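Asks: Residues or ranges marked as transmembrane segment by TrEMBL: B:6-22, B:51-67, B:79-100, B:120-138, B:197-219, B:225-243, B:335-353, B:365-388, B:408-430, B:451-469.
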Amino acid sequence: MIKKFLIHVCIFLIPVIIGYAIVENYSRNLPLTPKIKSEFYKNNIQDIEVLVLGASQNRDAINPEFLSHKALNLAYPDQDYYVSSKLLEQVGPTLPLLKTVIIPISYGHFETAPNQKDTWKNSMYRHYFGTTVSDKFTYFKDNFLYISFPDYYSVKINEQKKGLLHLDCNEYGYNRNIEKALFYTFDYDSLTISKQPVHITPTIPHPEYIIENIQKLEDILAFCGQQKYRVILLETPTTTRFKEHRIPEVLRRKDSILTMIRSTYNVHYVDANSANDYMLKDHRDHNHLSPQGAEKFTKRLNTILEELE
Amino acid sequence: MLFNSFDFGLFLPIVFILYWIVGRKRIQGQNAILLIASYFFYGVWDWRFLLLIIASSLVDFYAGKYISKAKTQQKRRLWLYSSLSWNLGVLFVFKYYNFFLENLKTLFELPENTFTTLDIIIPVGLSFYTFQTIGYTIDVYRKKIEPTQDILKFLCFVSFFPQLVAGPIERASKLLPQFSRERSFTYDKAKDGLRQLLWGLFKKIVVADNIGVAVFAIYNHPEEYGSLTIIYGAFLFLFQLYADFSGYSDIAIGTAKLFGFDLSTNFKLPYLANSVTGFWRRWHITLSKWFQDYVYVPLARGKALGFFSKSSRKAISLLITMGLIGLWHGANWTYLAFGLLHGVLIVIEGTTMTSKGKKMKLHQWLETGVFWSKFYTVTFLVVSLIFFRASTLDKAVIMLKEIVTQNIAFYNFDLIIGRKIGFLVIMIIAEVWRKRYTHPFMNLEGILPKVVRWGIYYFLIFAIIRYGRPQEAFIYFQF
């Protein structure tokens, strides 16, 4: 009886397994930026000298094609210091020429919740870079992409099928497509943009997040010290309106953390946010650069890196 | 380990095969496999929780034994009080201690550092298994059941993994004998269990978790929405809570069936009740029955409130019981308010009235199905659940104020979760259509051909995979 039951269950599950295998395969072959970056990483593992970590601000601000040294940009939306430290610890040692690590110190980065709940990123990094960015026990199920974030991959599969997955990536995986950028949707019309509210997050301070984020940043800096990597703490450009809306208390906290870090660790601080020559078209939205802005910014960053050599 | 996790998807078949193939020849073997599996299931959260559940199990096992052995009533009572002190003490320390101190400080305006609060987390399912073991000891004391002499069976009874962390809260008289009974595999029961499990997963992963996104958005910033949008959010929470908790119960009952066990029904379409009294006969039935037997009846019939008249005694007992039911959910004034609101309504519904020359209680009259009775019940539930969902009483009041004072009723309204709202409609239709059965897939053979049934199952599996969100814990786990 039990055998019959198990056989029936297995027969019932066959279409489910086949269906899932098809979707999983499709997800793995989607031309998404992490896939392109992983190909760049595999093909240039011996030559990469610069590693960019952090969240979407760094992802959009640094286009490695404008750096004189080969750079891998592993910044990703909502990526906190915890994930960045995991990436650094695992990817860093695989890069024999790695000299410079770029880490964000932007407004609010210390205040946001450490996003360890984003377990799907663990699957993404395991698949594309062979790294584990979660402290939780991981096993073969964490290799599956689709099941890690069905909503995201379903949308991407649909876009791909309908020909709407408009990525315009260079070999470094930098996406030059700005169709979905907020300012682009307003046709870069300054009047319309000025009428839009500026969303500044977070609004409520969480001391526990700040403590945890500082701890993780210090882990990164300690690791960089051990490996003798040069550290660039980077603040990317934002719009004037964004700067006006920042909460003074959050700014003060960030500045005091920065002072503490600079006095304790051997780091270089690049404050690109005080520059006033970034035009509206240089931004995707209030705190992200457009490809045009990224070119301008990355060239300047390159000069700084050259000077540090 | 969460039911809605991949881990459980691996754990369940392994335990199932071990249980029926390796342990099939001996009851003790099957019980041992269940115990190890249950402790593994529970220990995955935090192995330290295991120490507590084992300690609680041992206390009640020996308390039961010594109560039945005791020769005098005094000694019996002593063992009962020892067990109650341990169980309620553990519950108090882990769940209510910090709340109690915080309020003491506020009440007497004591300086901030007067007491040290405990930096501890509440073990998952603490309130559920504690109530189950308390029920056992009281039943032994009342001589309703004989205490078990088999410690393995008792440990299994307390920790049986399908219902360990969020019920149903089983009575020893029902569940304990099942660990002594020979269990042979039944194809139909296992099949029915799988179907109920699938339905529970659908309710939790597809309906509850997706509705939860909208509820979270609206409850977090009610000021950003119009009054009707807030009402929409409050209604959604009503269904989120039901789909989440009854989904858990379905998974628990279905899983238990796979191992040859029968657990109690916990929900009977509660939102179709015609009165608040009727609602509590359909909602979290095992909890309300527990409170009725071990709190309400002793209070209403005992000497503790003897100086009140019969009707006052009943009303006070009801209010105390409902207040405690509220507080059972957590150490927060919002839960107490939720419980007391229900208590007040149940007391009012218990008043006698005359309708068409007949004397009857108000809730009996409501349950005859007067047209607005369902409207009244659901409206009250929506309002009271605002207290249940809000993190503080102030926030609940703000929510209610926003409903009344917002000028643009549909300001910022959209479904938020888009077409996924359709899954809620599917759940409601299926449950109402099959309301005579414990779950909608029961006895479908006579109604739908196999190909349609399988089509439905595949659709549900597709929805679970496609619309599953990053694992969300069950709401009732926190209690």
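Cβ atoms are placed via backbone N, Cα and C, with glycine included.
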Asks: Using a Cβ cut-off of under 8 Å, list the residues of the same chain at least 6 residues beyond the transmembrane segment (B:451-469) that approach it.
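Replies: Sequence-remote neighbours of the transmembrane segment (B:451-469) are 4, 195, 198-199, 201-202, 205-206, 209-210, 213, 420, 423, 441, 444-445.
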Asks: Are the transmembrane segment (B:197-219) and the transmembrane segment (B:120-138) near each other by the rule of at least 3 C-beta pairs under 8 angstroms (pairs 6 or more apart)?
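Replies: They do not touch: fewer than three Cβ pairs between the two stretches lie under 8 Å.
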Asks: Looking at the transmembrane segment (B:197-219) and the transmembrane segment (B:79-100), are there 3+ C-beta pairs under 8 A, with each pair at least 6 apart in sequence?
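Replies: When sequence-distant Cβ pairs are counted, the transmembrane segment (B:79-100) does not touch the transmembrane segment (B:197-219), since fewer than 3 lie under 8 Å.
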Asks: Same chain, outside the transmembrane segment (B:51-67) by at least 6, Cβ under 8 Å from its Cβ: which residues?
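Replies: Same-chain contacts beyond the ends: 42, 75-76, 79-80, 82-83, 86-87, 90, 123, 126, 129-130, 133-134, 136-137, 140-141, 147-149, 151, 154-155, 158-159.
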Asks: If we skip the immediate neighbours and take only residues 6+ beyond the ends of the transmembrane segment (B:79-100), which ones have a Cβ under 8 Å from one of its Cβ atoms?
Replies: 52, 56, 59-60, 63-64, 66-67, 70, 117-118, 120, 122-123, 126-127, 130, 133-134, 137-138, 141, 327, 330-332
Asks: Could you give the residue numbers and ranges of same-chain residues that sit at least 6 residues beyond the transmembrane segment (B:365-388) on either side and whose C-beta is under 8 angstroms from one of its C-beta atoms?
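Replies: Long-range Cβ neighbours of the transmembrane segment (B:365-388): 231, 234-235, 237-238, 241, 271-276, 278-279, 329, 334-335, 337-338, 341-342, 345, 349, 353, 355, 396, 399-400.
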